[in-house]
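I have placed the structure first, in the form of structure tokens, so that the comments after it can refer back to it.
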Amino acid sequence: MPSPLALRPYLPSEFSPSVDARPCSSPSELPAKLLLGATPPRAPRLPRRLAWCSIDWEQVCLLQRLGAGGFGSVYKATYHGVPVAIKQVNKCTKNRLASRRSFWAELNVARLRHDNIVRVVAASTRTPAGSNSLGTIIMEFGGNVTLHQVIYGAASHPEGDAGEPHCSTGGPLTLGKCLKYSLDVVNGLLFLHSQSIVHLDLKPANILISEQDVCKISDFGCSEKLEDLLCFQTPLYPLGGTYTHRAPELLKGEGVTPKADIYSFAITLWQMTTKQAPYSGERQHILYAVVAYDLRPSLSAAVFQDSLPGQRLGDVIRRCWRPSAAQRPSARPLLVDLTSLKAEFG
């Protein structure tokens, strides 16, 4: 599929035009012949061809807008009768190049399958007539609620029915629940990092909670493939992400490593545990203090002081947001620590 987007240097080869290319689509799975004879896994409850072929627009039924941001909108929908989420990236934004990069970055996980990662079903740069979208991505429906909504008690669908409950998972975030969700997130990070992908915008709002009470990492619009960064000492464009969760080395313009996600996880775990916002004050003052004075959210709250589990959890957070990326744990030993903590206290 020839793409109108001038981003060939950043595109995985499987999304580039080829003799065998099918129309309209950025495939979420390679044909079997490209996988050394292996048969691609079947997409659950969807026709197999749709895993890599063009979007069948007649089978798309938008149900409800779940949210909107600077680059576009996300809808709950059905695709061939299966519940999905559809992200449409707008053409008319202040920074069209950033919108295009965000669209293609979402496809960094297009062929990946993991219980704690929102799966891409299909994607296309062709859109229905009259659409203001430069691209559409169909993803599995990861859940009605985000971790941010569970932590802070926001409505499940800000634009939906006012009477809907804020959380489908039943009850407040206990320490055991924090550990359970943390294990889900770190399992997802471990898988991503094993695929040389860094999320770079991990935060509660980008973690969905399914009806089965499983956390799934979503929104890969800021993600990077480490292999794509090896040719350059610094990225060719400003990195995205949320400043409150951005690792200090990224704020200083240094190189990207998986340890940046570990830092973001530490801020997220602190939010789960305290149910507070990480910082208050002017953005520039916070950015400067994080880099120059190692500013971090406070670990003096009673939850980190009054019990042994809380103290141990505070130690985990402290190690994960160390100023030096090299001193932070990677996802695997972090998973071991959290598993031990969950078994002991969860």
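Every residue gets a Cβ built from N, Cα and C, even glycine.
What Swiss-Prot says about this one:
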type: DOMAIN; residues: 60-341; note: domain 'Protein kinase'
type: BINDING; residues: Leu66, Gly67, Ala68, Gly69, Gly70, Phe71, Gly72, Ser73, Val74, Lys87; note: ATP binding site
type: ACT_SITE; residues: Asp201; note: active site, proton acceptor
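Here the features listed in Swiss-Prot are placed on the structure.
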residue	record	Cβ neighbours (10 Å)
Leu66	ATP binding site	21
Ala68	ATP binding site	14
Gly72	ATP binding site	24
Val74	ATP binding site	18
Asp201	active site, proton acceptor	24
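A gap of 19 Å separates the Cα atoms of Leu66 (ATP binding site) and the residue listed as 'active site, proton acceptor'. Recorded residues Ala68 (ATP binding site) and Asp201 (active site, proton acceptor) have their alpha carbons 17 Å apart, per Cα-Cα distance. Secondary structure at the residue listed as 'active site, proton acceptor', taken from DSSP and collapsed to helix, strand or coil, is coil. The distance from the Cα of Val74 (ATP binding site) to the Cα of Asp201 (active site, proton acceptor) comes to 17 Å.
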